[in-house]
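Trainee: My questions all concern the structure below.
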Amino acid sequence: MDNKPAPMDLPTPNKLVEEEDDDSMLNKKKLGGIKTMPFILANEICDRFASSGFHSNMITYLTQELNMPLVQASNTLTNFGGTASFTPLIGALIADSFAGRFWTITVGSIIYELGLVSITLSAVLPSLRPPPCPTQQNCQEASTFQLWILYISLLLTSLGTGGIRPCVVTFAADQFGSDKVITGRSKKWNFFNWYYFSMGLATLTALTVVVYVQENVGWGWGLGIPTIAMIVSIIAFVIGSPLYKKIEPGGSPLIRLAQVIVAAFKKRKETAPENPKLLYQNKELDAAISLHGRLVHTDQYKWLDKAAVVTESESVSSNPPNLWRLVTVHRVEELKTIIRMLPIWAAGILLVTSSSHLHSFVIQQARTMDRHLSKSFEIPPASLSIFGILTTLSGLVLYERLFVPLARRFTGHPSGVTCLQRMGIGFVINIVATIVSSFIEIKRKSVAAHHNLLDDPKAIVPISVFWLVPQFCVHGIAEVFMSVGHLEFLYDQSPESMRSTAAALYWTAISMGNYIGTLLVSLVHKYTGENSNWLPDRNLNRGKLEYYYWLVSGIQVLNLIYYIICAYLYTYKPLEEVTEEEEEDGEFNGKKISEKGVELTLNETA
């Protein structure tokens, strides 16, 4: 009797492949989701705790420990802050091109940790800082070697930031699969509100615990605690690695944009067809960069459509074609989308310029005021920022619970207002905050003059430091509208394959604003004279800080006018949606959403 198994019992090669594919698909579906958030948010919370504890009081470290003049110290921090906001563009390109977001975040975190270790050593070892100068008069400044230790530390943290900032928020958003899950109508809070809320809590903790340690225990522990927190963040992030959904990079987005420009230039003499359906389309070619829907043709910047014109000499049977001569409509629309976003993005630059030095100046103001909560306890100047953070945290809750339902009654919009309207409100509130700051400075100096303290830079003016609280609160309200709206706008409106790059644009605007802010402060300091300088090096009581606040308020008014024009003319990106069933089946028969519909869909939680 033949005991050989029947052919039906043996798995065929095709069946084996199918089973492997099913297992792979099943494992892929299990990746990502809400279970990854504890690891990702733990990483970002510890990172934000470390960076806030490191940077929030650094102006005090430079002026009190390294004996730097005020303007030089403020410019140093602003310049490195600008560098830290520019490097995310490089990190985003690396992540989107070949490295992927997971490895970019991991390597960036390690480099950031090296910077924290370096500056912690400079705070612990006396040879790496100048002698103490309690009078703040005729002080010995830091030597060239000591400054180089500082600069290397700040540079390492800036480079590390480049790998973290543009990738964490987009990597976390990737875990949910599609935009609708992130910002779906069923969610009471969208992902970006949760993200900003978590970061606010981390910053709040740093401004209370770390700053108190720096002011009352010492800078060794004050910088050591953020260093330890950063180590914890790296460990937490790496432990969650098996759970993450890691989207493969789709190639350099800059090369794709360049290909569109080159192809359009080469075909500048060609005539684009009236019917956009005759332009080149290739779903397979665009599959990796359009997982949740392809961009559809728009009538703006029609000269770029020539890049998708199929000429008689070109064969579209080759897959892919020469992309320096022929590109798809989706790739043309990627470039159009970026071009449309740039004017809105640019409006954030002058906003940052106006506020880039305010934190440093407010800390110096607070240091001259009465900070006692009791006879034995004083509020550290840098900890005043907690009032802005608390306002932002409570504002995020009230925004969703009160503002959105109320605004929805008038606008009919699912989220009350669009993200562009939300940003515009933030611009207006920020102007109010700066004007409030100027009046508080006038009040502070009037009290100093009344008590004959204008010529004593170390004198404590008998006015409560809580006079500074209103400006922090108004700035906190502006953050609720402006910062969250700006970040969500860049994420929603950017092509999905360029979202790390779009998040980097957020930080690049901050970078450029910081550099321009440094130029503005330097020019004001240089050309307002020695006797009545607006921003003096040592004695703020003899300065004209309120004039500087009025200057930046005027700049913000002009910027608001520019923003309103750009927002009015902006066109939301049209998208061809892919349903969840089509996404799982690998098919792509999506439907086009009208531009008006896209506005409601993409900004329903803005």
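Just so you know, glycine gets a Cβ as well, placed from its N, Cα and C.
Sharing the features that TrEMBL gives for it:
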type     : residues : note
REGION   : 1-21     : region 'Disordered'
TRANSMEM : 77-95    : transmembrane segment
TRANSMEM : 102-128  : transmembrane segment
TRANSMEM : 148-173  : transmembrane segment
TRANSMEM : 194-213  : transmembrane segment
TRANSMEM : 219-239  : transmembrane segment
TRANSMEM : 382-399  : transmembrane segment
TRANSMEM : 420-440  : transmembrane segment
TRANSMEM : 460-482  : transmembrane segment
TRANSMEM : 503-527  : transmembrane segment
TRANSMEM : 547-570  : transmembrane segment
Trainee: Could you check if the transmembrane segment (194-213) is in contact with the transmembrane segment (547-570), meaning 3+ Cβ pairs under 8 Å among residue pairs at least 6 apart in sequence?
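Mentor: Since fewer than 3 Cβ pairs under 8 Å link them, the transmembrane segment (194-213) and the transmembrane segment (547-570) do not come into contact.
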Trainee: Rank 77-95, 148-173, 219-239, 460-482 by Cβ pairs under 8 Å to the transmembrane segment (503-527) and hand me the top one.
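Mentor: Top-ranked stretch among 77-95, 148-173, 219-239, 460-482: 77-95.
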Trainee: Based on Cβ pairs under 8 Å, which of the stretches 102-128, 148-173, 219-239, 460-482, 547-570 lies most in contact with the transmembrane segment (382-399)?
Mentor: 460-482
Trainee: Can you tell me which recorded stretch out of 77-95, 148-173, 219-239, 460-482, 547-570 has the most Cβ pairs within less than 8 Å of the transmembrane segment (102-128)?
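Mentor: When the Cβ pairs under 8 Å are tallied, 148-173 comes out ahead.
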